[in-house]
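Trainee: Just dropping this structure here.
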Amino acid sequence: MLIKKSETIKSSEITGESQYLKRRDFIKGAAAMGLVGAAMPKQLLAEEVDKTKPLQFKKATAAGESKGFYTGETLTPYKDVTSYNNFYEFGMGKSDPSRFAPDDLITDPWSVKVAGHIKNPGTYHMEDILKRFDLEERIYRLRCVEAWSMVIPWIGFTLKDMIQWLEPTSKAKYVAFETLYDPKQMPGQRSFTSIIHWPYREGLRMDEAMNDLTLMSVGLYGKTLPAQNGAPIRLVVPWKYGFKSIKSIVGIHFLESAPETSWERLAPNEYGFYANVNPNVSHPRWSQATERRLPSGLFDFSRRKTEIFNGYGDQVADLYKGMDLRKNF
Ligand code: MTE
């Protein structure tokens, strides 16, 4: 496993705060003078504003493989996990989130409003949420609906544990999630060409939310989440297409009926509510039979067969027993 131990963290990653701020000022000053250009790519700015911090967590081990908590497949390098992203709030290009989010997204302080059919509604600060749960690592495959995939060592706690704390009533049949809406911080939300009706919304059926695989992630590769990956808290649902794994969550609502979700609203014939990874049901515009495992090069040797439920059938197939997966795609 490629967990970075604290002794191997580069000194550039643990720059003292005052020195860090000086360097930020220098770079911002240089930018104002027009000196940031070819000589100082924006990517360097993203690294300069790396706000990630090491986390304490229980490591994933091969013993968790039968539960789906671990895969021994080669991890996608940190660089690719954090520079090839979908986070439309920061633009539609794959490199937009890593260029803009680290600088623009303020993730501390952060709070999550929890409402609906639960006994403990409220607005909870990140620290209050974090202190309730032990963090653990989960090494999951992430399969995007665009037919690329990664293997990522996430850190988090199960949504099940969070739901048990919040105590849903018998009326709670679905869980809906909402990303931060703040056009000042999120340039994609200001864009006239944006296709999403903000804020980004997602949802799960209650039994999906309670599955042991469903993770509230607060970190990856041993550290807190980089902004471009959905800091400070996001969902990870490994058997579903990546768009279900909503980032930078500020709202969780427990509902009686299925919530409207962003991609389903945008193109209901292309993106269903369930969005379970399924090689047998093509997207109307492309096949889902195979995927490109990142990083991939010019001569694309990394194409592989896509597995039903992204290889997590043993853990989740029962949830969909008797359902027509072509209709409920
Ligand atoms: N969450 C929000 N708020 N906005 C987004 O644009 N993109 C989704 C999902 N969560 C998205 C989001 C898509 S399409 C994918 S594939 C995953 O995030 C990508 O996660 P990653 O960039 O951390 O790999």
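The backbone N, Cα and C atoms fix where each Cβ goes, and this holds for glycine too.
All TrEMBL annotations are machine predictions without curation.
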Trainee: With Asn85, Tyr88, Glu89, Cys144, Asn229, Arg234, Ser245, Ile246, Lys247 listed by TrEMBL as binding Mo-molybdopterin, identify the candidate in Thr52, Thr169, Thr179, Thr193 belonging to that site.
Mentor: Thr179
Trainee: State, in Å as a whole number, the widest CA to CA span among the Mo-molybdopterin-binding residues Asn85, Tyr88, Glu89, Cys144, Thr179, Asn229, Arg234, Ser245, Ile246, Lys247 given in the record.
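Mentor: Greatest Cα separation within the listed binding residues comes to 19 Å.
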Trainee: Neighbour count, 10 Å Cβ-Cβ cut-off, for Glu89 (Mo-molybdopterin binding site): what number do you get?
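Mentor: There are 30 such Cβ atoms around Glu89 (Mo-molybdopterin binding site).
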Trainee: Can you list which of these binding-site residues (Asn85, Thr179, Arg234, Ile246) have a Cβ closer than 6 Å to ligand 1?
Mentor: Asn85, Thr179, Ile246
